[in-house]
């Protein structure tokens, strides 16, 4: 945990971290000295010359004042470090997210990322002052007191040193017992949170299927897993707590017995023995504090682990290359490209060339790799083997800005942000002037939509575009893609879920765009590709047919069969 925290400290604060560490250790030494000073103070106070206690009281006062000054300075440095870690971590996580490989962002890892981002607030700021400082003190103070006791009473000091080893070992064993169960409990809590969100978002489908009872849904499974993990966690924590409690009691008995034995032998006076009992109590106190800190330590360990998981997530490689021409439609080439999601292969040794300004349709059965090709062109994924070339430049060697500026994408399920229609369109290019914005709105026929709304393009779309229909969301999405001055336009199943009217609007918008672009269209509905110059038919991750629409229809192969089935489905009707 401490290693992870140190790694999160920005480079310009490493000096502050070193000073903080030195002062924290100095604070421990001062507190240990102040504790052991009680022995000569009490001995003098109850001895034959009580006035001899004044110098020892002076030393104790000086140690207390010095400790207060050091602790105040340490707290200030701790807050400084905490805010530095917070700021550095938030920027690191935010900068990392746009470059994380999409195949890493599974449901589980997305929950991890969400929890990491949500917890990088007060918990990180308070980590140093409220947890790290007490943790260092709780671990080092008993050892420092034991070392100081060696100078007063070597047998008692050595016994105290042995007690440090035993108690820290008992605490380590206790934490070891519960750590794995705590990890499982944390994972099930995250999973339960995700299922609750999913349960709320899918109420329409669940009610239609009569699956509204949580017990009959995945929420019930997640709740059961959470309950089981909580029971296992308690089953592990209780034996660990009993083990540490037993070790603490044995240490107290051992040290008190040692002090009594030394007093009986005459090696300690009665006042010294009384003071030793006070010192022993002070010696055991940090272990109790450490035990109380354990839940917070484990929680923080989980938080730092989630942050580390996001920062260590695999990212897309990027270089410093840039295409020679960022405005003209580029030549796109797949050179022996192989790609898979984890162990699941999707594309197998795919090669083709798309000429500048051409419109290419990619069709084929579900799962054949069509959308994956678009993702590779857009730079959302990178090939496992082979290369994707943009005007002869390997896309993996492009800098991030060039890679993102090269393509404009219309997704099958468009996502609209919680803002106005205008705001959502300008996401494509915030610097677009009014003429370019108006042209994109007109081409996508968004003007027909805004004309019906009381606030026009200032109308709010709601979270994820909930205030608009599916076709209306797609029109806004297309306007967003068209307003972006990208030389490559990628369209992924943009009409698959639309009615005939909206499908026609989408197709007209895409074909009416006069910007010189290289276009790649993935479609199941063949009406969407009637203007394509070329068709690639994919099956099983390979290109099995390549040619013009008329040429492939005349060949009577897979595409022809696909085409005929589309027409048969279009002619299908219910008869009485």
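For all residues, glycine too, the Cβ spot is worked out from N, Cα and C.
Under the heading topological domain 'Cytoplasmic', Swiss-Prot lists 1-25 (among others), citing a curator's inference as support. Proximity of distant same-chain residues to the topological domain 'Cytoplasmic' (1-25), defined by a Cβ-Cβ separation under 8 Å and at least 6 residues beyond the stretch ends, is recorded for 70, 73-74, 77-78, 80-81, 84-85, 87-89, 92, 127-128, 132-133, 136-137, 140, 297, 300-301, 304-305, 307-308.
Sequence annotations record features per position, and here Swiss-Prot assigns domain 'ABC transmembrane type-1' to 19-299.
Annotated transmembrane segment per Swiss-Prot: 26-46 (among others), in sequence order, evidence recorded as sequence analysis. Long-range contacts of the transmembrane segment (26-46) within the same chain, counting only residues at least 6 positions beyond its ends with a Cβ under 8 Å from a Cβ of the stretch, are 52-53, 56-57, 59-60, 63-64, 66-67, 70-71, 74, 136-137, 140-141, 144-145, 147-149, 151-152, 269-272, 274-276, 278-279, 282-283.
Across the topological domain 'Periplasmic' (47-52), the DSSP tally of helix, strand and coil residues reads 3 helix, 0 strand, 3 coil. Annotation source Swiss-Prot lists topological domain 'Periplasmic' at 47-52 (among others).
Beyond the ends of the transmembrane segment (53-73), by six or more residues, the same chain brings 23, 26-27, 30-31, 33-34, 37-38, 40-41, 44-45 to within a C-beta distance below 8 angstroms of the stretch. Annotated transmembrane segment per Swiss-Prot: 53-73 (among others), in sequence order.
Assigned with DSSP, the residues of the topological domain 'Cytoplasmic' (74-131) fall into helix, strand and coil as follows: 51 helix, 1 strand, 6 coil. Marked as topological domain 'Cytoplasmic' by Swiss-Prot: 74-131 (among others).
Taken from Swiss-Prot, the feature transmembrane segment covers 132-152 (among others), and the record attributes it to sequence analysis.
Residues or ranges marked as transmembrane segment in Swiss-Prot (evidence: sequence analysis): 153-173 (among others).
Per Swiss-Prot, the feature topological domain 'Cytoplasmic' maps to 174-241 (among others).
Positions annotated as transmembrane segment by Swiss-Prot, on the basis of sequence analysis: 242-262 (among others).
Looking just at the topological domain 'Periplasmic' (263-267), the mean pLDDT is 85. What Swiss-Prot lists as topological domain 'Periplasmic' is 263-267 (among others), and the listing cites a curator's inference.
The transmembrane segment annotation in Swiss-Prot covers 268-288 (among others).
Taken from Swiss-Prot, the feature topological domain 'Cytoplasmic' covers 289-576 (among others), and the record attributes it to a curator's inference.
For 332-565, the entry in Swiss-Prot reads domain 'ABC transporter'.
Classification of residue 366 (ATP binding site) by DSSP places it in coil, neither helical nor stranded. According to Swiss-Prot, the feature ATP binding site maps to 364, 365, 366, 367, 368, 369, 370, 371, an assignment based on sequence analysis.
Same-chain residues with CB within 8 A of the center of the 364, 365, 366, 367, 368, 369, 370, 371 CB atoms, the ATP site residues themselves not counted, are 538, 539.
Within its own chain, the topological domain 'Periplasmic' (263-267) has Cβ neighbours under 8 Å at 153, 155, 273, counting only residues six or more beyond its boundaries. With a threshold of 8 Å between CB atoms, the same-chain residues lying at least 6 positions outside the transmembrane segment (268-288) that come near it are 35-36, 38-39, 41-43, 45-47, 137-139, 141-142, 145-146, 149, 153, 156, 160, 163, 167, 171, 244, 248, 251-252, 255-256, 259-260, 262. Per DSSP, the secondary structure of the topological domain 'Cytoplasmic' (1-25) breaks down as 22 helix, 0 strand, 3 coil.
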